[in-house]
Amino acid sequence: MSQSKSNRWFIAIMATLLQVILGTVYAWSFFQKPIMLVYGWSNVETMWIFSISILFLGLSAAVGGRILPKFGPKKLATIGALLYGLGYLVSAYAMQIQSLTLFYIGFGAIGGIGLGLGYVTPVATVSKWFPDKKGLVTGMVVMGFGLGALVMSKLIAPLFLEIANDNIIEVFIYISICLIILGTMAGLCMKNPPEGFIPDDYQPESYESHQQESGHDLSLKSSLLSKKFLGMWLIFFLNISAGIMFISLQSPMIQDLLLLKDASISAEELSIAGASLIAISSLFNGVGRFFWGGISDKIGRIQVFRLFLASQIIVFILMIYTENPWIFGALVCYVLLCYGGGFGAMPSYVLDVFHAKLMPVVYGVILTAWSIGGIVGPQVAAFIRDYYANTPELIGSRTYIAGTILLGLGFIISLMLSNKSITEN
C-alpha cells in the first residue's frame with residue numbers, strides 16, 4: 001500500500017472519530033428529562049437548548065464551508081472541537097446559577113458553532129481524498145456522527161454519572177474535558193491531499209473530468225439561486241425535520257408508552273429503557289449514513305432519497321396505531337436509519353451536481369436545512385407534548401401525523417429532481 005493511500009485511510013478514520021465526538025449532541029434526549037425535573041423548565045424551554053445548537057450547527061457549517069480554503073481543515077476542525085467542548089463547560093456553569101439563557105448560549109450557540117465548523121470540515125476533506133469512493137467513504141465518516149449518541153448514552157454519560165454521583169453539573173464538566181481532548185486530537189489530523197492527487201489504480205471518467213473543468217465556470221450565486229439547490233435543500237430539510245423529532249424526544253416517548261402499559265414500572269427501569277433506545281437507534285442512524293451512502297453510488301442519489309422518504313411515510317402511519325413500546329422502538333430505528341441516509345447521500349449528491357470546487361461551500365449552505373429542521377422537528381414535537389399534556393394518549397398520533405405530512409412533501413419534491421449536474425441541460 002502506497003504512503004498516500006495509507007494516509008488517506010488514516011485521515012478517514014480520524015475524520016470518523018471527530019464525527020463521533022461531535023455526534024454526542026444527538027444524545028440530548030438522555031439529559032432532557034433530568035434537566036426538566038431538576039430545574040422545572042418545560043419541554044419546549046428545555047428543547048430549545050438542543051434546537052439552538054442545531055440551528056447554529058447549520059449556520060456555522062455554511063460559514064465554515066466558505067472559510068475552509070482559507071483556514072485549512074486542521075485549524076477549522078480543531079477550533080470546532082474546542083468550541084463544542086467549551087459549550088458543555090459554559091452549560092455546567094449555567095446550571096450552577098440556574099440560568100436557562102446562559103444554557104442557550106453555552107450548549108446552543110457556542111457548542112453549536114463548534115459543531116458546524118467541526119462537522120463540515122472532515123466531510124469536505126475526505127471527499128477530496130476519495131474521488132473513487134465518494135458515497136461510501138463520506139457515508140462512513142458521517143456515520144460517526146450518528147454513532148455519537150451511542151457513545152454518549154452508553155459510555156461517556158453513565159461513566160461520569162457514576163463518578164459524579166449523579167451530579168449533572170459535574171458530569172457536564174467531565175464531558176467537556178473529554179470532548180476537548182479527543183476532538184482536538186482528531187482535528188489536528190485533518191489535512192487536504194496534495195495538489196493533483198489521484199488515488200492509485202483510479203482513472204477518472206470523462207464525465208468526472210468534465211465536471212472538474214466545468215466547475216470552474218459555475219458561480220456560487222447562480223448555484224445557490226438555482227431551482228435544483230432549492231429542491232435539494234427542501235428534501236434534506238423535510239427528512240431532517242421528521243427524523244429529528246425522535247432524536248430529541250425518543251427517550252421520554254418510549255417511557256410514556258411503557259408507563260401506559262405498566263404504571264408500576266420504576267423510574268430506574270424507565271431511564272434504562274430510554275437510554276437503550278437512544279443507543280440502539282443511534283446505531284441505525286450511523287449505519288444508515290454508511291448504508292445509504294454506498295447504495296447511492298449504485299442506484300443514484302435522488303433514487304435513494306425517494307426510497308427512504310416514501311418508506312418512512314408508511315412507517316409513520318404505522319406508528320399512529322402502535323401501542324407496543326418494542327414495536328415503536330423498532331419503527332424509530334428505521335426512521336433513524338433513513339434520517340442518517342440523508343446525511344450519507346447528500347455530500348455526494350452535492351459533489352455530483354455542483355462539482356468539487358464549489359462542494360464545500362454549497363454543502364455548507366445545504367446544512368442550513370439542518371439548522372431549520374433542528375428547530376421545526378423538535379419544537380413541533382415538544383409543542384404537541386405540552387399541548388396534549390392532559391390527554392397523553394393523543395401525543396403520539398399527533399406527532400406521527402405531523403411527520404407524515406413533512407415526509408409527504410419531501411417525496412413530492414424529490415420527484416421533481418434528478419441526478420444531473422447543474423451544468424447539464
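Placed from the backbone N, Cα and C atoms, the Cβ positions cover glycine too.
Automated prediction, rather than curation, is the source of TrEMBL annotations.
Features as listed in TrEMBL:
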DOMAIN    8-422  domain 'Major facilitator superfamily (MFS) profile'
TRANSMEM  9-28  transmembrane segment
TRANSMEM  48-69  transmembrane segment
TRANSMEM  76-95  transmembrane segment
TRANSMEM  101-124  transmembrane segment
TRANSMEM  136-156  transmembrane segment
TRANSMEM  168-189  transmembrane segment
TRANSMEM  229-250  transmembrane segment
TRANSMEM  270-292  transmembrane segment
TRANSMEM  304-321  transmembrane segment
TRANSMEM  327-349  transmembrane segment
TRANSMEM  361-384  transmembrane segment
TRANSMEM  399-417  transmembrane segment
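Using the rule of three or more Cβ pairs under 8 Å, pairs at least 6 apart in sequence, the transmembrane segment (136-156) is not in contact with the transmembrane segment (76-95). The stretch with the most CB contacts under 8 Å to the transmembrane segment (168-189), chosen from 48-69, 101-124, 229-250, 361-384, 399-417, is 101-124. At the 8 Å Cβ cutoff, the transmembrane segment (76-95) and the transmembrane segment (399-417) share fewer than 3 close pairs (sequence separation 6 or more) and do not count as touching. The list of residues near the transmembrane segment (229-250) in space but at least 6 beyond its ends in sequence, with Cβ under 8 angstroms from a Cβ of it, reads 26, 28-29, 32, 43, 47, 50-51, 54, 149, 223, 274, 277-278, 281, 285, 305, 308-309, 312, 316, 332, 335-336, 338-339, 342, 346, 349-350, 353-354, 362, 365-366, 368-370, 372-374, 376-378, 380-382, 385, 399, 402-403, 406-407, 409-410, 413-414, 416-417. Under the criterion of 3 or more C-beta pairs below 8 Å, with sequence separation of 6 or more, the transmembrane segment (9-28) and the transmembrane segment (327-349) do not qualify as touching, having fewer than 3 such pairs.
Long-range contacts of the transmembrane segment (327-349) within its own chain (CB-CB distance under 8 A, at least 6 residues past either end) are made by residues 123, 127, 134-135, 138-139, 142-143, 145-146, 232, 235-236, 239-240, 242-244, 246-247, 250, 253-254, 257, 277, 280-294, 296-297, 301-302, 304-305, 308-309, 311-312, 315-316, 318-319, 359, 363, 366, 419.
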